[in-house]
């Protein structure tokens, strides 16, 4: 059952990675389209959507066969697959030395992630408890899980307070919120998937209230988890979110699986140490893969005067161009200048400079004058 669950998880993550890259390819091809709904008409995007559903179904089914602590770290497969797809389908032409120098970290990271995945599958926990309503209820009211939930709720409330009230928009705080919610998501996903499998095998579990409690918790935590991830993606680079999020989410999920489903009960020290080594190796591999990604070029908040269409013609006609700082936008900066002081208005002189003239008559303000090409 462990092997079936691990293979389903690996298959699901591989297919999901291919699907996301297909949809990204479809959007890139239609980047210049004026119709935002154009991607709905492409076979590539629909193929990606179907493959994505198939991949998620495979990952969901894997929780019914294998322990939670074994399935969660296997999400490193999707990172490895995305890196390999990016290297194979790269469009730029590189010399061999430049290619190796640029992608050596990605190759090393992929190798480490594959080795870590092998260790995880080989030395993963071997708990084969059936997910019946009675067993899930017993785990839900057990004192280790209640204590774990109490600590997690306190930590989550503290992090949420600093994030919302103190504006602590650090990536670790946001991704810790995601990880704590994700740990509850995977706990409920395993319960729902396991009860569905037991029902298919003949013992109906869908009439139990605990099934619907777990289903509602799964949907709610997944929605809030996606919300915090969207907020993190607006503030930080996707490579940082992938590496740090994978490490934090995997650690929290393994801790939740160990306390709720007692995944490591009866395991010897050697298997636990080798499993931990596999996790650390996969963490390092994912970090190296995401560290080598291209960082986005920051937006330059100015417009070159030479790049403005028609500016050369305006100078040729002898018209002097003076930006008006009283307007909402001006040439040279995409900033709101409504709050600029009046002394910065280009049509008048500052008061200090006007006092240099005669006391009887103040100097007239500067004006925008036309001049010839020669001048």
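Each residue, glycine too, has its Cβ placed from N, Cα and C.
Curation does not apply to TrEMBL; its annotations are automatic.
Summarising the annotation, TrEMBL assigns region 'Disordered' to 355-375.
Per TrEMBL, transmembrane segment is recorded for 6-23 (among others).
Positions annotated as transmembrane segment by TrEMBL: 44-64 (among others).
The transmembrane segment feature in TrEMBL is assigned to 70-90 (among others).
Annotated transmembrane segment per TrEMBL: 102-121 (among others), in sequence order. Beyond its flanks by at least six residues, the transmembrane segment (102-121) meets 2-3, 6, 10, 70, 73-74, 76-77, 79-80, 83-84, 87, 94, 274-275, 277-292 of its own chain at Cβ-Cβ distances under 8 Å.
Taken from TrEMBL, the feature transmembrane segment applies to 141-163 (among others).
Only residues 6 or more beyond the boundaries of the transmembrane segment (170-198), in the same chain, are considered here, and those with a CB under 8 A from a CB of the stretch are 60-61, 63-65, 68, 71-72, 130-133, 136, 152, 155-156, 159-160, 162-163, 205-206, 208, 210-211, 214-215, 217-218, 221-222, 224-225, 228-229, 231-232, 235-236, 240-241, 244-245, 248-249, 251-253, 255-257, 260-261. The transmembrane segment feature in TrEMBL is assigned to 170-198 (among others).
Residues annotated as transmembrane segment in TrEMBL: 210-232 (among others).
What TrEMBL lists as transmembrane segment is 244-263 (among others). Beyond its flanks by at least six residues, the transmembrane segment (244-263) meets 67-70, 72-73, 75-76, 79, 125, 127, 129, 139-140, 142, 144-145, 147-148, 171-172, 175-176, 178-180, 182-184, 186-187, 190, 229, 232, 279, 282-283, 286-287 of its own chain at Cβ-Cβ distances under 8 Å.
Sequence annotations record features per position, and here TrEMBL assigns transmembrane segment to 269-289 (among others).
Most Cβ pairs under 8 A with the transmembrane segment (70-90) among the ranges 6-23, 210-232, 269-289 are made by 6-23. Here the transmembrane segment (269-289) has long-range neighbours at 69, 73, 76, 79-80, 83, 105-106, 108-120, 122-125, 242-243, 246-247, 250, 254, meaning same-chain residues at least 6 beyond its ends whose C-beta is under 8 angstroms from one of its own. Outside the transmembrane segment (44-64), and at least 6 residues removed from its termini, the chain residues within Cβ reach (under 8 Å) are 4-6, 8-9, 11-23, 25-27, 29, 71, 131, 186, 189-190, 193-194, 196-197.
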